Amino acid sequence: MEALEEVELCFPQLHNASCKKTKRPHFEAIMTYIILSSISLLTATLNLLVIISISHFKQLHTPTNFLLLSLAVSDFFVGLLMFFQIVLIDGCWFLGDIMCVVYLCVAYIITAASVGTMVLISVDRYVAICDPLHYSTKVTQERVQVCVCLCWIGSLVFQSLMVKENLESPGRYISCSDLTIFFLVVCFTCRKSQVKFKF
């Protein structure tokens with residue numbers, strides 16, 4: 001039978017109302033920080049290169065590349081958000097309730113925009129393969145730019161409505177102190193024992 005890991009509170013002054021953090025071996029914690037930092041830096045850097053390349057060189061201004069540009073922008077922000085994820089390795093969020101809600105809201109917007117862009121890329125490739133002779137007339141730069149803008153605006157509006165109550169009263173319905181769903185760090189509020197998870 002494995003030995004249970006030592007557990008201590010994130011905010012000892014709150015006693016039973018605080019979230020618990022798990023103590024990991026020093027080597028494991030350092031390796032986790034190094035690996036996640038490297039992934040975050042690599043993700044942000046490589047996507048920034050894609051953004052600069054497509055934006056700078058006019059010959060790369062094609063409908064498909066505009067879709068790739070949108071995907072690179074969302075992935076670039078994912079790389080930046082990973083730095084906040086590194087703070088949460090021990091299960092504690094020290095940046096306050098407002099920053100927690102902002103972080104989660106931005107994470108959801110970026111994720112929704114990324115998925116939406118992948119759908120647009122799939123449609124673009126479908127038209128290119130199934131109707132190659134009419135591709136250039138059906139898929140134009142203007143249409144792609146409108147679709148990308150609608151994708152980002154739709155993600156922003158939809159996710160803002162989803163976390164509206166959390167934005168109005170930060171910390172009441174959601175907390176950043178536990179790593180649970182899709183590595184986005186959502187948990188029941190640690191300060192209150194019986195609060196419904198609400199979106």
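Cβ atoms are placed via backbone N, Cα and C, with glycine included.
The transmembrane segment feature in TrEMBL is assigned to 30-54, 66-89, 101-123, 144-164, 170-190. The domain 'G-protein coupled receptors family 1 profile' annotation in TrEMBL covers 46-199.
As a whole-number mean, the pLDDT of the domain 'G-protein coupled receptors family 1 profile' (46-199) in this prediction is 77. The list of residues near the transmembrane segment (30-54) in space but at least 6 beyond its ends in sequence, with Cβ under 8 angstroms from a Cβ of it, reads 24, 60-61, 65-66, 68-69, 72-73, 75-76, 78-80, 82-83, 85-86, 89.
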